[in-house]
Amino acid sequence: MRDDDLVTLIAVFVPFSLLSIGGGSAIIAGIQHESVAVHGWISSREFIDLFAISRAAPGPGTMLATLIGWKVAGWWGALAASLALFLPSSLLCYGVIKVSNAHKAKRWHKAMREGLAPVGVGLVIAGVISIFRLSGGGLVAAAIAVASAAILTWMPRFPTLGILVLGAATTSALYSLGD
Amino acid sequence: MTAVPDPTAELPVAIAARPAPGLGALFLTCLKIGLLSFGGGLSGWLYQEFVARNRWISDEDFASSLAISQMLPGANVVNLVICMGDELRGLAGSVACVLGFLVGPFFAVIALSALFDSLPDVTMLEAASNGVAYAALGLLLVICLKGVQRATKFPPGLVVIAAVAIAVGLLKLPLIPLVLVIAPVSVALAWRRS
């Protein structure tokens, strides 16, 4: 581990933290450019692999930064990159909700929460549409998603992990049958 | 199997929230989600735990926090646990939620990276992980259904939902400027209603 590696990791990821408006997908291209072309930490091929791993792993997709830090400088690199990516945006978020909650009793605050709720729901629907298109899963994807939602609607106590296992079992079975 | 009536089945949308959970419960809940949320759909997991199962957060607070989380920089779900942690337990709640939420994935990505390097055939694994991702989409659908159901009581809300979904999801308009236009309209509609 070299100290200047850690400093560079922090210097690269802190700005990305504050630029990642709308979530992690906004900064993937930028992270790729910095870590492959500018700093030469990893090859293009390695970047794609790390991206795929960060998607397959549980947790937010931006854990990609953790993996890059790990490749560059081991455990300390992973820690430095993670803190650099998550801490600045988290502090900003906390500040914003503190300011807005200071007016919790006011009528406009209630109207704001009520008015933002349908916007949030619309954004989730938009997210479902884009993930569905990106997945290229077609009818199988739609059927599994609808079935999962139906199970949770009619059996609210059904374990969430069980839903994921059923999904994996279905596509695995289809894959084996297709062989 | 005897049919046990499900106490949560037909309750009205506005259910009284339960007493706020302790810091340990928040940390453990977020740790669990962080470790198990394969295939994305993390806001779907958060909804299941914080709203549907434990009823710590109301449906409407969840959806509005989600909108705020998406507008600010940072991973949406991290911002979302900060909002909910603060609402339930203040600063300590936010810290407990974020730490619990990120510590699992931190080790999981590194472990998975080591595992991938040592696996010769990953096609079966890919098939399985696709299925997980499709099921995770279903978790998000639950939030959509609940939101639409709630909005049927206030039709302008339905119009807002449809407008955002179409503009961002189908027409691919940029999220931030679009929300900056639609959110004030939606808030004004909610203001007139109250």
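Using the three backbone atoms N, Cα and C, a Cβ is placed for every residue, glycine included.
Annotation source TrEMBL lists transmembrane segment at A:7-31 (among others).
TrEMBL lists A:73-94 (among others) with the feature transmembrane segment.
For A:115-132 (among others), the entry in TrEMBL reads transmembrane segment.
Listed by sequence, the residues of this chain that lie at least six past the ends of the transmembrane segment (A:138-154) yet keep a Cβ under 8 A from its Cβ atoms are 128, 132, 160, 163, 166-167, 170-171, 174. The transmembrane segment annotation in TrEMBL covers A:138-154 (among others).
Through the fold, the transmembrane segment (A:161-178) approaches residues 140, 144, 147-148, 151-152 of its own chain, all at least 6 residues removed from its boundaries and within a Cβ separation under 8 Å. Sequence annotations record features per position, and here TrEMBL assigns transmembrane segment to A:161-178 (among others).
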Residues from the same chain, set at least six apart from the ends of the transmembrane segment (A:73-94), whose C-beta lies under 8 A from its own: 1-2, 5-6, 9-10, 12-14, 16-18, 20, 62-63, 65-67
